[in-house]
Amino acid sequence: MLRAALSEGCGDFGRDPLDAHRPIGLRSINRLPVNERLQNFRAQLRLEMLQEDAQTDTVVPLRIVATGCAYLLRYQVASTGAEVSVLNRAGVVTSWITTADGFHIQLGKFLSSTTSSDDQHETVMREMEASKAEILALLGMLDLLDLLDMVRALGGTSAGVYFGGERIYHAAGEKNSYVFTFDARTGYPLAITQAQSATPEDNPSGASDTRVALQFSIDDYVRHDGSTIQAPMGIKSDVELLVDTAVACFYEWTATGRQQLEQIFALLDRDDDGSVSGHDVATQLLDAGHTNERADSIATEMTRLLCDSDNPSEEVTFLPFVGFWIMLLADDVRVSDPANETRVVPALQQLFLSASE
């Protein structure tokens, strides 16, 4: 869905328009489709909630790095010097906090932790304890934000409307409507306003609209070459953490249940190399009687969540495969509860061996 964008001339963006090198930079940004201008860039953001009943306007300063299929948001906790990072790669979120002395901690682990006397970072952790409420409030705002949806929505817009020195685009995404403001001369993005898309189900009584709206301003916009964004070593995505929990649970299943999943995996692993691809999954789903659309959708979702988005040919080995399907099919039984075996095994057999009529 996303392509690399031009990056030449970045160093000249802040110079006078008459500078001899400036037109190259301007042509680079103005020739890009508007949706690609929200890819492969770095900037400072000022994020705020737009609510009529808000007592005060809270502006949250963020730094962003975006590529074609991922974006990283960073927030500095002023009281401690720690930095909160939230990485969204193709919809898969990875979050961590970096202490002032450079130590990386899984964000969920930090938020649920209590400082103990044998903690090697006890002093730092105690100082950071008071910042948890601030971080939770930040995450509440970031949960509403989806730059990838913005890019998809903007890609389908028609020509924008000129208003003074700005060019305005309106677009609708999966859940939100957007207003994008670009500098008419340079083509730089200036601001984005987001509001939940209204449906009759959202407001059946016709009462006053209280849906949350966000706005963020974009400063210090600079293009870059689209290099991959990586989390620090040892930091896992939310999906990886849930899959790990599911795999640990799998080892507590009965021997019969484990064997049944091994047999399903072997059926998909047609070349017997110990891994399966999205194509392998889609092929078996078609053999089981699913439609092309459903087979492709299921296979795409598995590879999106488990594979490196920068390497679409990557395959899935047995344990991640098992963890993924336990995560999806455990239903009302917890992923960590071995009782989910009674839900997952029949559901997988139904899915891969005989589609419902």
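Using N, Cα and C of the backbone, Cβ positions are placed for all residues, glycine too.
Curation does not apply to TrEMBL; its annotations are automatic.
Sequence annotations record features per position, and here TrEMBL assigns domain 'EF-hand' to 256-291.
Per DSSP, the secondary structure of the domain 'EF-hand' (256-291) breaks down as 23 helix, 2 strand, 11 coil.
Mean model confidence for the domain 'EF-hand' (256-291) is a pLDDT of 94.
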